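Trainee: Let me give you the structure first, and then I'll get to my questions.
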Amino acid sequence: MPVPELPPPRSSLPEAVTRFGASVLGAVAARAHDSEATVGGPSGGRPLPSPPAGLSFGPPSPAAPPTDVPAPEAPGWGADLERLLCGPHGLGTAGLRLTPGKERPVPATAREGRPIPGLYHHPVPEPDEARVEEVSRRIKAWALDEVSLYPEEWEEQFDGFSVGRYMVGCHPDAPTVDHLMLATRLMVAENAVDDCYCEDHGGSPVGLGERLLLAHTALDPLYTAREYQPGWAASLHADAPRRAYRSAMDYFVRAAGPSQADRLRHDMARLHLGYLAEAAWAQQDQVPEVWEYLAMRQFNNFRPCPTITDTVGGYELPADLHAQAAMQKVIALASNATTIVNDLYSYTKELAAPGRHLNLPVVIAEREGLSDQDAYLKSVEIHNELMHAFESEAAALAAACPVPSVQRFLRGVAAWVDGNHHWHRSNTYRYSLPDFW
């Protein structure tokens, strides 16, 4: 039967409602059900449009093989939700433990690399190899042929990044490789900006604000007088980070709904704001207080990655549900925890690099007078506290708001958190652990 036409846009959570009431949830659930039917439901995903025109910066890439690398078979919703719904910790949360907690077994074929001792995490299966190979092939073709991302001497680092394995592991519910490529292009573009503007490959805190603002216009277009529009348009081709941002965003907006695209723009602005705080400390040769560092890390973190889980999954979390304070808290806790994972796994890499690199163990050691080992182990404890808080808040939200798109979004964020840890643990090209145990 034909899909019913959606009603005109309106808030599904009236202003006067300060908590999730039963009547509101019923209306939101109905609307979310209609929305999922329109975009193809949880398993299908909305079809992706053709690639954007006019983005080629080199010879055409070879013909791609069929895009329908199937998603690995996933367990039912009850199993998927088990991790979140058994997550609460602390007084007063026992009633939210809706299913018995069960740790997934460590896969027998786990890649090399060991987890940080004592770090709270959930082992995950190895990413689907067919998808990893196809995403890896396509992202390299995009980087070289469409955006001229890097010179030949950086190829080993690009390959060592293993971004295909990273994104396949973080988005297990993506219906197609095309959907996975949305996340993969953005991840590569974000790292190009970080490396070329902020860190390894010519980055500097001097003038960073100007570079980031102009690059951000590749995500959030400039609308100005006709006389000056061509100059701005030409600037989007000026360097690899802007070319990558422009192309990745053009692909993304053709697959995402307007509110999903706007969500990403705002999350990227948050990221850039965090870059600027860290740059200011570098210019002043200042080590911030621990709480100041953690505040910066709530902005300079992975947030733009898990919050596109619905677009990559082929569905949409309504904007008013995404904006709820409870959802924002869950997203912030997940993003903060995953970023400390990066601080911990990249610790030895950053110590070996020229200059002083701020990370949580370094800041704690400096500000609290602890040994390097004690500061590192305290950072592990902080990560674990944030992870438990994330799971508790996610479980509470899942129980309070049984809307399909909310449940699936929470599962997607949790999957991203787990996949992010798995990639850091297994990527021994980039990361090794300190000798603290």
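Cβ coordinates come from backbone N, Cα and C, glycine included.
Per Swiss-Prot, the feature Mg(2+) binding site maps to Asp194, Asp195, Glu199, Asn342, Ser346, Glu350. According to Swiss-Prot, the compositional bias 'Pro residues' annotation covers 59-73. What Swiss-Prot records for 32-125 is region 'Disordered'.
Explain the structural surroundings of these features, please.
Mentor: In the structure as shown, the Cβ atom of Asn342 (Mg(2+) binding site) sits within 10 Å of 18 other Cβ atoms. When secondary structure is read from DSSP and collapsed to three states, Asn342 (Mg(2+) binding site) falls in the helix class.
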Trainee: Specify the count of other C-beta atoms within 10 Å of the C-beta of Ser346 (Mg(2+) binding site).
Mentor: 17
Trainee: Sort out the sequence-distant neighbours of Asp194 (Mg(2+) binding site) for me: same chain, 6+ apart, CB within less than 8 Å of its CB, listed by position.
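Mentor: Same-chain residues close to Asp194 (Mg(2+) binding site) (Cβ under 8 Å, separated by 6 or more) are Gly203, Tyr275.
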Trainee: Below 8 Å Cβ to Cβ and six or more residues apart, same chain only. Which residues does that give for Glu199 (Mg(2+) binding site)?
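Mentor: None - Glu199 (Mg(2+) binding site) has no non-local Cβ neighbours under 8 Å at 6 or more residues apart.
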